[in-house]
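Q: Before I ask anything, here is the structure I am working with.
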């Protein structure tokens, strides 16, 4: 330890924590954003996140390469997304219920196959230190940024541009706003939704890989406690805009870092309640941004969650 | 949807007792077929990981339903599942998908533990009903709040209920680590152990606690409420079409808050019986996932409270055999979760077959 910076450690730890904790939120919410823009909601991303974390850890441990782990998580997420998209394309099947089933299924499978990977140590994903200019180790620790976080920023910009300016983006938006209009244009809504859900699953898988390969950086059964689900709520808060998703993810990451930050300066009262801060924040945000009377601005019209 | 099915209604629908029975059987045959398909898919999964499905199902039968002892174990485990499933099925009548029953169970358990510490010297006749009321009230407030957020603010109830479950678990941890902690509980923070006379005992003649009776009574009560009363009828209308219900002058907000609160009260009761009959104190063990199994049970029972009874017993038996399966077959404890996942997906896929299969339509037989 260098010099003691006292209570300044709290905001610093929150900023550092926001950067560290927000990455899984960011990836899951980008994936969910893409899926929801096509008019479907995938509540199963919590399961995808946990399964992604497990598969990334297992593959990174077996091969020694964390990036192969990320790839494995992406593939696993894509498969879960395809499964969700396929089942939802059957008539009369409820996408919310399927999401719940896949959430439980993904977690069950992850715990099943992950049992033997709880002990071993897999290689971590690399990080870049942006805090080299400072002498304080706390500042250096706070500004150690993982590459996946940077990729996440690039992805949110890319996704925003793609939805706005490209043919693919237009097709996704049309399908999400009116299935009938999409059919009239000669698009096949179920195919567009299937691919959007699969891509969304891949994003969530990467979020899971970050959990097990960087922060907290090990695999265990309690690795995610609702981050995947909070990310779904976060998309509503972000008004289905990938760039807002980034800011919302930072905010939620900061809330998630509150408990550990206070603990690091010796505040132990209300420890569990501070850990619940992200859930409370999500709930409060949902109460204030939802409305019983009118449809939300920016919401894809075909989305069942806002109807 | 409604217009379509009206237009499709044949003018001369066959109406003999056989035709009626055949039509009704659709709601039983399809879920059972889906259950079997899910089990079949899970068997393939077991074969892929190199385990014997036959041995697996034999162990479930043996440990869950084979002997009088295993039946008692199964029934004890199905008690909280009955109540947890009602926490999903009652709001489902209004079209709400609540998945945070775990929160009601946990807070119901904590409220029971707190009540029992306060009433340690009170007679059981006074204390036990108070504990039940406290548990039910805690659950009712928790899930009722989800309903209120849904109705008054349009907050999605599926997400909010799960968030509330996480918050409930945090509150429980905070309380059993802090103000309610028994100083003697070192490794596993708990509330004070219940006084011996406040522990809920067994049903006469068997080693199954009273929670089972409460669960079955709750299921029958819920069935009557939904099928035989005007409130249940109003709830079904509101579940079908909120706007139509509002135009009819139905008190949609009261129905939503009332049904969610009642579901939550049953969840809280599940926590009360877990604490007072099984654990003997409130601690982290009450967050054992009953709420999540309850979701699957409610969907398997197609949200019908009477159908919840056999389904909860079946799932209770599967959970009861989990320990034996782990030891005998060297499978992880998550195996039961994977199996439930397969069943859940199968049952949801089966939704697509209702009204599609000719065998259930006596009018289609002739043509």
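From the backbone N, Cα and C atoms, a Cβ is placed for every residue, glycine too.
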Q: Can you say which of B:63-83, B:126-146 is given as transmembrane segment in TrEMBL?
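A: When B:63-83, B:126-146 are checked in TrEMBL, transmembrane segment belongs to B:126-146.
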Q: Is the transmembrane segment (B:208-226) in contact with the transmembrane segment (B:281-300), using three or more Cβ pairs under 8 angstroms as the rule and ignoring pairs under 6 apart in sequence?
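A: No; fewer than 3 Cβ pairs under 8 Å.
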Q: Determine whether the transmembrane segment (B:103-120) and the transmembrane segment (B:307-325) share at least three Cβ pairs under 8 Å, counting only pairs 6 or more apart in sequence.
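A: Output no: the transmembrane segment (B:103-120) is apart from the transmembrane segment (B:307-325).
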Q: With pairs restricted to those 6 or more apart in sequence, evaluate whether the transmembrane segment (B:337-357) and the transmembrane segment (B:28-49) have 3+ C-beta pairs under 8 Å.
A: yes
Q: Who are the chain neighbours of the transmembrane segment (B:28-49) in space, where the CB to CB distance is under 8 Å and they lie at least 6 residues beyond its ends?
A: 56-57, 300-302, 338-339, 342-347, 349-350, 353-354, 357, 360
Q: Same chain, outside the transmembrane segment (B:208-226) by at least 6, Cβ under 8 Å from its Cβ: which residues?
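A: Those are 72, 75-76, 78-83, 86, 89-90, 93, 200-202, 232, 235-236, 262, 266, 269-270, 273-274, 277-278, 304-306, 308-309, 312, in sequence order.
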Q: What parts of the chain pack near the transmembrane segment (B:255-275), using Cβ distances under 8 Å and only residues at least 6 beyond its ends?
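A: For the transmembrane segment (B:255-275), the far contacts come to 79-80, 82-84, 86-91, 93-94, 96, 98, 101, 103-113, 116, 131-132, 134-144, 146-148, 150-151, 157, 194, 200, 209-211, 214-215, 218, 222, 225, 231, 234-235, 238, 281-282, 286, 288, 290-291, 294.
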